[in-house]
Amino acid sequence: MQKLTALVVDAAAGFREQAKSILTAAGFNVEVAENGQQALTLASAGRFRLICCSDDLPDIAGSDFCGQLRALDGYDYAAVLIMTDNDNARKLKQALLAGATDIFNKHDTQELEIYVRRLAERETRHLSGRVLFIEDSRVLQTIIIDLLTDMGLDVDAYTFAEEAWAAFSGGDYDLVITDIMLEGSMSGITLVRKIRRLREESGNLPIIATSGFDNMSRKIELFQLGVNDFVSKPINREELRQRVFNHITSYQNVRELRAQQNSLYSLAMLDQLTQLFNRHALREFAGKYFSEAYRFNRTLSMAVLDLDHFRDLNDKYGHDKGDQVLAELGNWLKRHVRDEDMIARWAGEEFVMLLPGCDAPAAVVLMQRMQKRLQRFKPANMTISLSVGVAEMRHEPQDNLNTLFELADRAMYQAKMAGRNCVRQYQTEEGETL
Ligand SMILES: Nc1nc2c(ncn2[C@@H]2O[C@H](COP(=O)(O)OP(=O)(O)OP(=O)(O)O)[C@@H](O)[C@H]2O)c(=O)[nH]1
């Protein structure tokens with residue numbers, strides 16, 4: 001990692017001190033000079049990452065100082081900040097043309113503070129990540145591997161796109177850098193196309209293409225294909241370093257944000273004990289089940305499943321054992337429904353299933369089969385049983401989750417009354433099933 005060094009050049013001792021303290025606070029080691037000549041001597045002896053220079057030096061104009069500094073060996077990419085106390089547009093433009101990076105007002109140092117703090121953060125940030133790198137020139141491969149590992153990155157380097165593609169599916173990468181013209185039967189373009197066709201997250205990975213053909217229509221084609229960036233050969237190390245830095249950090253920020261969103265989603269929608277959807281999620285998604293049933297005139301059934309004598313199990317074996325039973329049962333139930341069905345933990349020991357395309361008699365048969373299997377499956381080594389109530393949507397305008405739940409819940413109660421461990425379809429007092 002580069003050492004953060006800065007040089008302040010100003011004839012006024014007061015401003016030198018002020019600038020020095022701002023830069024020191026941002027993490028720079030600071031040297032000072034009173035005039036341009038002294039600064040140029042110091043600059044050629046050392047290598048400063050940042051030079052903060054007055055536009056009003058006693059011996060040399062600010063723009064000339066910039067020009068002479070840039071001509072020194074190793075100052076191509078240094079940040080040269082011109083400090084001014086008058087906003088003479090012409091003078092400032094001259095300084096920019098002569099190579100100044102930016103211009104700041106001496107009387108408003110807040111902007112300078114923000115700039116140096118951000119630069120220091122960027123320079124000292126420890127990158128970590130994995131790069132898939134494809135380049136068929138051995139010499140260039142070595143140079144770029146050095147650059148990337150120096151940035152803290154792990155690199156998987158390949159000469160052929162075929163090998164890289166084989167490695168891609170097994171690796172958790174943060175960036176792909178690929179040459180476009182490669183030896184072998186697969187080109188860099190085919191590799192990019194294959195990556196972009198992937199549906200999973202890795203299909204969105206940032207890709208930097210490199211090529212010796214600096215041809216505009218080829219570049220445009222590459223961007224259309226989904227390449228994020230392009231670096232022409234011969235590769236400028238510093239340019240590639242900055243581009244890699246930007247792509248890796250923004251990709252990782254997006255990933256982190258997505259992970260946070262997922263964990264918030266999981267907290268909001270999933271029951272933490274069973275990892276099934278919770279009641280809130282059932283309410284959220286039920287609308288879709290009902291509207292599709294109306295639209296396509298499909299049947300929709302609901303089953304309410306309630307553990308029998310669970311209080312006794314808790315009392316006899318403890319609440320932790322009860323929790324274990326619920327967690328294992330939840331997992332087991334999830335594996336016994338189809339992808340389009342929905343299962344949620346409604347409350348303590350009560351679960352709800354929405355079964356689209358399934359009428360009530362079919363749901364009864366399904367639940368009876370499940371009950372049979374449950375006798376063999378002993379969650380947490382406990383023999384348990386379920387009372388199940390089933391009801392079918394009647395396709396009446398007021399049908400919704402609440403009305404269907406009410407019927408299925410009443411059916412579940414009828415199953416309890418009938419001695420538990422059985423399935424009941426809701427029956428009206430007149431004996432009509434619904
Ligand atoms: N371990 C555990 N127990 C729970 C949880 N949620 C609810 N319960 C317990 O589930 C039991 C439900 O008891 P009841 O409503 O009387 O029902 P039951 O004992 O299963 O009897 P029936 O439903 O009539 O067969 C209570 O003891 C609750 O404390 C939970 O998250 N973990």
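Start at 1 and count along the chain as shown; that gives each residue its number.
Even glycines carry a Cβ here, placed using N, Cα and C.
Feature annotations, reproduced from TrEMBL:
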DOMAIN    5-121  domain 'Response regulatory'
DOMAIN    130-248  domain 'Response regulatory'
MOD_RES   Asp179  4-aspartylphosphate
DOMAIN    298-428  domain 'GGDEF'
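Per-residue pLDDT, averaged over the domain 'Response regulatory' (130-248), rounds to 93. Residue counts for the domain 'Response regulatory' (130-248) by DSSP state, with H, G and I taken as helix and E and B as strand, are 57 helix, 24 strand, 38 coil. For the domain 'GGDEF' (298-428), the DSSP-based tally of helix, strand and coil residues reads 62 helix, 32 strand, 37 coil.
Sorting each residue of the domain 'Response regulatory' (5-121) by its DSSP state yields 55 helix, 27 strand, 35 coil.
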